[in-house]
Amino acid sequence: MADRKCLALIAHDQKKDDLAAFVKANEAVFAGLKIVATGTTGGRVLDICPGLDVTRLKSGPLGGDQQIGAMIATGDVDCLIFFVDPLTPMPHDVDVKALMRLAIVYDIPMALNRATAEELIAFRRS
């Protein structure tokens, strides 16, 4: 049996509910995946989709973004969905940029908003 694909989920504070709603709307797709998420984001997802296989890492500002970046670098994450809030200043912005850089360097699919995530999910279904 082939290993399940691993998807990373991250959302800035003002986007966490939107990401959780997106996962709920696509729960059947996410059910077949191994999911890693930053701590609070993973908690929100598990609150509305308790049956999903979600591993919660540290909160983003406490190193969760970097944990996911390391997993991308080692080939353990196949896709990144990161709902970014461009209107709120982030004190750990350098961590976010480093994470996005790793997703680009290792050439994994990355969605930074719901519209792109919807297209990515639709493409994966077809």
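Note: Cβ is positioned from N, Cα and C throughout, glycine not excepted.
The feature active site, proton donor/acceptor is assigned by TrEMBL to D65. The Cβ of D65 (active site, proton donor/acceptor) has 26 other Cβ atoms within 10 Å, all protein chains considered.
Marked as substrate binding site by TrEMBL: H12, K16, T38, G39, T40, T41, S59, G60, H92. For T40 (substrate binding site), other Cβ atoms within 10 Å of its Cβ number 19. According to DSSP, T40 (substrate binding site) sits within a helical segment.
Residues or ranges marked as domain 'MGS-like' in TrEMBL: 1-126.
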Sparsest-packed of the listed binding-site residues (T38, S59) - C-beta count within 10 angstroms: S59
Pairwise CA distance, T40 (substrate binding site) versus D65 (active site, proton donor/acceptor), rounded so that it is a whole Å: 12
Helix, strand and coil residues within the domain 'MGS-like' (1-126) as assigned by DSSP: 65 helix, 20 strand, 41 coil
